[in-house]
Amino acid sequence: MNAISRLERLPIGRVHYRYLYLLGLGWALDAMDVGLISFTLPAIKAAFNLSSAQMGLLGSAGLVGMFLGAAVGGRLADRYGRRAVVAYSLLVAGVGSLLTALAPSYGALLFFRFLTGIGLGAELPVAASLMGELVPSTSRGRFVVWLEAFWAVGWFLAALVGFLLVPEAGWRWAFVIGAIPALYAAWLRLGAPESPRWLAARGRAREAEALVARMEAALRGEGKELPEPQPAPEPTPRPYGDLFRPPLVRRTLFIALAWLTLNAGYYGAFIWLPSLLVEQGYSLVRSLAFVLIMTAAQLPGYLTAAWLVERWGRRPVLVSFLLLSALAALLFARSDTAAELLVFGASLSFFNLGAWGAIYAYTPELFPTALRTSGAGLAGAAGRLGGMAAPYLTGALLPALGAGGVLLAHGVLLAAAGAFAFLVGAETRGRALE
């Protein structure tokens with residue numbers, strides 16, 4: 001039997017959780033770096049005397065880099081391997097964050113956030129694909145959503161750094177802390193495995209067999225019984241153009257549109273959230289405290305999605321969480337009191353970040369192994385198009401629409417994301433990866 005059939009029948013054990021923690025820590029550090037711009041933006045505005053449009057452009061700069069990183073990272077991972085791309089992209093992100101801390105001007109800030117974004121955009125979809133390829137198909141959705149749960153940890157760390165450090169020490173020290181991924185990258189490069197499915201697809205069957213054998217030995221050491229493997233087909237290379245031909249073209253189109261509108265709704269709102277509260281008259285410290293509380297609702301959202309995707313299915317969870325996050329955004333936009341802001345802001349965090357968990361579980365499963373990271377990378381790149389435009393457009397439209405108006409617009413985008421996710425048309429729960 002080949003490596004894939006042996007991998008598919010493995011019971012879940014400590015070896016799988018070790019891989020989850022290795023990739024998850026890198027994911028959390030990336031999320032922290034993405035979130036830092038949100039919690040430092042009010043202080044950066046004061047330091048450089050920025051307009052709303054300039055603030056929006058700075059929020060978009062990293063997402064422009066993430067667009068490029070997502071598009072290139074997926075193809076590099078299909079060619080050179082998942083592990084190398086994950087490790088080197090973390091290194092790029094960490095170095096970019098350190099340079100951001102040293103930026104002497106607004107123009108330098110824009111460039112260094114763009115550089116950081118390249119690393120972040122390459123790492124996220126490739127890490128999700130790698131996690132999904134290291135576990136059996138019956139467990140991959142749960143593990144990918146658990147991986148995405150580390151995003152909530154990282155964003156909460158960014159909120160905590162913003163609340164505790166920025167008002168006293170200034171925004172530059174926040175980005176010094178954001179350079180930690182550069183140090184973690186070297187350890188990850190040594191400790192994380194390559195994908196056995198990618199190795200098999202590249203004709204490196206002996207290496208794939210050796211990796212699965214090490215996993216089997218670790219599981220036997222835990223006292224796990226290994227069932228007999230069932231036959232599984234060997235993956236074969238596929239041209240990139242197959243993503244745009246039947247039967248994959250519908251999946252490629254609608255999942256890309258779902259990513260685009262979800263990213264636009266998410267980044268347009270969350271990058272600006274502390275600044276919007278400051279604009280409404282709350283102090284910097286109180287605004288950061290409010291958003292810290294709202295951010296604490298993200299992890300429960302992920303855990304709920306992780307529980308539901310294996311019981312209800314990927315698409316139903318994704319669609320329902322997107323529509324509920326749209327409703328929460330609309331209610332948040334109409335909030336008049338601090339209590340309403342906290343309740344509806346926390347609801348937005350809960351459902352929106354749960355939707356992220358579902359879409360990360362869903363997207364890689366829509367494509368065969370030979371095109372998995374290319375397909376996921378393409379969807380991520382489409383998402384970055386929406387994400388990189390939304391912060392700038394929020395800043396440009398804020399004087400005309402006000403905080404409530406731009407939040408209403410982001411609610412409409414999240415509802416559109418739910419509609420596109422429904423139109424993908426496929427359910428992948430429990431299906432073996434090709």
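Every residue gets a Cβ built from N, Cα and C, even glycine.
Positions annotated as domain 'Major facilitator superfamily (MFS) profile' by TrEMBL: 19-429.
According to TrEMBL, the feature transmembrane segment maps to 20-41 (among others). Under 8 Å from some Cβ of the transmembrane segment (20-41) lie the Cβ atoms of residues 55, 58-59, 62, 86, 90, 93-94, 97, 113, 116, 120, 123-124, 127, 130-131, 143, 146-155, 157-159, 161-163, 166, 171, 174-175, 177-178, 180-181, 184-185, 188, 191-192, 270-275, 288, 291, all in the same chain and six or more residues away from its ends.
Residues annotated as transmembrane segment in TrEMBL: 53-73 (among others). Counting same-chain residues at least six beyond the ends of the transmembrane segment (53-73), those with a Cβ under 8 angstroms from any Cβ of the stretch are 34, 37-38, 41, 44-45, 85, 89, 96, 106, 109-111, 113-126, 263, 267, 271-272, 275, 373, 377-378, 380-381, 383-385, 387-396, 398.
Marked as transmembrane segment by TrEMBL: 85-104 (among others).
If you look at the transmembrane segment (110-131), the same-chain residues 6 or more away from its ends with a CB under 8 A from one of its CBs are 19-20, 23, 26-27, 30, 33-34, 37, 57-58, 61-74, 76-77, 82-83, 85-86, 89-97, 99-100, 103, 140, 143-144, 147-148, 178, 181, 192, 195, 360, 363-364, 372-373, 376-377, 379-381, 384. Residues annotated as transmembrane segment in TrEMBL: 110-131 (among others).
Beyond the transmembrane segment (143-165), the same-chain residues lying 6 or more positions past its ends with a Cβ under 8 Å from any Cβ of the stretch are 16, 20, 23-25, 27-36, 38-40, 127-128, 131-132, 134-135, 173-174, 177, 274, 285, 288-289, 291-292, 295-296, 298-299, 301-303, 305-306, 309, 353, 356-358, 360-361, 364. Feature annotation from TrEMBL assigns transmembrane segment to 143-165 (among others).
Sequence annotations record features per position, and here TrEMBL assigns transmembrane segment to 171-190 (among others).
The feature transmembrane segment is assigned by TrEMBL to 253-273 (among others).
Residues or ranges marked as transmembrane segment in TrEMBL: 285-309 (among others).
Marked as transmembrane segment by TrEMBL: 316-335 (among others).
Per TrEMBL, the feature transmembrane segment maps to 341-363 (among others).
TrEMBL lists 375-394 (among others) with the feature transmembrane segment. Note on the transmembrane segment (375-394): residues 53, 56-60, 63-64, 66-68, 70-75, 77, 121, 124-126, 128-129, 243, 248, 251-252, 255-269, 271-272, 363-364, 366-367, 406, 410, 413 of its chain, located 6 or more positions outside it, place their CB under 8 angstroms from a CB of the stretch.
The transmembrane segment annotation in TrEMBL covers 400-424 (among others).
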Field: For the transmembrane segment (253-273): best-contacting stretch of 85-104, 316-335, 400-424, by Cβ pairs under 8 Å
entry: 400-424
- prompt: Going through 85-104, 316-335, 341-363, 400-424 one by one, which has the most CB pairs that fall under 8 Å from the transmembrane segment (285-309)?
  reply: 341-363
- prompt: Hey, which of 85-104, 316-335, 341-363 has the most Cβ-Cβ pairs under 8 Å against the transmembrane segment (400-424)?
  reply: 316-335
